[in-house]
Amino acid sequence: MFRAGSRRTQDTGPAAEALRLVKVSKTYGTDGGAVKALDGVTLGLGRGTFTAVMGPSGSGKSTLLQCAAGLDRPDSGIVRVDGTELTGGSEAELTRFRRGRIGFVFQQYNLLDTLTVAQNTVLPLKLAGQRVDRRRAREVLTQVGLGDRLGHRPGQLSGGQRQRVAIARALVAEPRVIFADEPTGALDTRSARDVLRLLQEAVRVHGRTVVMVTHDPVAASYADAVLFLADGRLAGRMDAPNADAVAERLAHLGDDVTAGV
Amino acid sequence: MFVLAMRSVRQRPGRFLATLLSAFLGAVIVMMFNSLQDTAGQAGVDAVSHDTLSTSASVVGGYGTLLVFFAVASTLTVNVRQRTAELELLRCSGATPAQIKRMVVGEAVAVALIGAVLAIGPAMLGGRLLLDAFQDSGQVARSVDYSFGVFALDSGIAVTLLAAAGAAFLAVRRATRRREQRGRARTLLAYAALGVGGVSVLSTFAFSAKDAALMAPPAYGAILLSVGFALLAPRLLKGVLDRLELTGASGWLAVRNLRERADHLAGILMSLILFTAMATATLYMQAVESDAIEASGLTKSVDAKNLESLNLTVVGIIVVFVCIMLVNSLYAATTYRRREFGQQRLAGATPGQVLGTVGAEGLIVTVVGVSFGTVAALAGIVPFTLVRSDSVLPHQGFGIYVAVVALAVAVTLGTSLVTARRALRAPAVEAVGLAA
């Protein structure tokens, strides 16, 4: 099922579809207070695409990301990353599944304060027991504009710089899919723009697949397509989005759902 | 501010458990032994009994006071550090540093008072048992009646409250002061302790095997040496880490984490060093002494018996207190790292790797602490054994030492691993989201 241990799936070559969800459902709580966070979501994202997932608070955006990224297990349905189905029960199994397939960029960066920029960047490789290519790590950090900050600690960097370290960390492991959860949520507009451009570059230059959860129409406009989510269901898709159209659509998302679209 | 202090104690009794426990145990010990002073002070107590009782009372009572102070200081420092956010909030709401100080000291005194009052019953019982034991061994005459008097009660409560207030004052001052410049004073003190300790250990050779005070110089020397090492603990740890390169992701992370956290681990290392040194040195020296008396064919005098019971009691007290301090600071330090563990997991660490890192860190700290403790202990044991029995090392074998080390390892690793396991129970995403 899982390829032995932490080996990457490079040998088989990437699948055409980077991410596939089939009728994925997830309910939180029990009986009386149960909340259906995801209600039979089916979607497929091609390799080398940049997709934004949008929706109002409580629409199930974060649950979708966590289920798709193997951080949480759906109650029912199938999740397939890079052609391999996510099964397995224990956290250790899920972790081994994520290695080499999935990279993360979080709103709160989640860099380790005790490690330097360079050490943070190679940490996923270390944990996966892979050979660490320091030259490559330096290259990627230079690409994100931090070539001169290798020995700094996250505490000495600005928010934008920290987020760029997080992106470098996600890129170095060469994952099939990068999940970004509100990556610009804590940044000023200029740093946000830098981060979004880097994510775009990851897709266009490096051929990665990026899925970004956001509530910011401007951030979403950097993506190739936007998926709208409301009450745990998909509520539409917009290709080649621009910020105004996304904001407009978002404002009327509730109407669509009640109208039964 | 006092009202606020009371309220904060009432709302979170759990947080004060460790402080309460140390205050309680400290008060029990102080009252228990000081009640011997009351007993000795009664009319019609013979001179030998009086001597035994008041010596035990003053020695152990003194130790007890010191330990209450250290234990309460350690638990309160942890408590204050955990509440940095709350104290910051109070400061932003207009509380002056003096008000915050009064609040923390008020809390500590309230908790200590509860501990002291709870301690009265057990202390009376313990004191009675102690007197029975002294009478059974012939150190105190049968005719002496037990008395729990004003001195035991007053000194017990006063010592506990004063120690708690002083410790709280120091803890909050350390927390509210921005950057400490006590580095140099600390180093100076450390070298002074090492120097005096060395002289004290060497002066053992100036005594003859039969001297009654023979055990004092090596024992104090070992203690002083261990205090010196303990004060230098963060630097010693860093020195070891610089020469240590562990393979494997967990080991790699452990070394880097420890390098960053060396200063925070000072308290834990200090407890480990003091514990190993004092327990090992005292127990082996006592064993050598007992053997020497036996070999000479004499029966133990009352003085020798007093010394033995005092030694064993003091070691027992130290063991209990150090265990509380270690468990409390390790529990707090590990719980505090919940978020960090979450971040490691999100970066691709399996729960096993996180536990592996925690285990490796615990092992390194224990090995460093136990090693320096052992050096200090040997510095006391070897001269004493040479003078008393003409051999270099005691003939008792490694049994005692193995037990001491095993206890240190069990407490350190046990607490960190169990706490880390609990911290891993929440999903990684949640752990990371908790109070950034």
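Each Cβ is built from the backbone N, Cα and C atoms, and glycine gets one as well.
Feature list (source: TrEMBL):
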type     : residues  : note
TRANSMEM : B:63-82   : transmembrane segment
DOMAIN   : B:64-177  : domain 'ABC3 transporter permease C-terminal'
TRANSMEM : B:103-126 : transmembrane segment
TRANSMEM : B:146-172 : transmembrane segment
TRANSMEM : B:188-207 : transmembrane segment
TRANSMEM : B:219-237 : transmembrane segment
TRANSMEM : B:265-285 : transmembrane segment
TRANSMEM : B:310-333 : transmembrane segment
DOMAIN   : B:314-427 : domain 'ABC3 transporter permease C-terminal'
TRANSMEM : B:354-386 : transmembrane segment
TRANSMEM : B:398-418 : transmembrane segment
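Remark: secondary structure over the domain 'ABC3 transporter permease C-terminal' (B:64-177) totals 95 helix, 0 strand, 19 coil, with classes taken from DSSP.
For the transmembrane segment (B:354-386), the most Cβ-contacting stretch among B:188-207, B:265-285, B:398-418 is B:265-285 (pairs under 8 Å). The DSSP breakdown of the domain 'ABC3 transporter permease C-terminal' (B:314-427) into helical (H, G, I), extended (E, B) and coil residues amounts to 95 helix, 0 strand, 19 coil.
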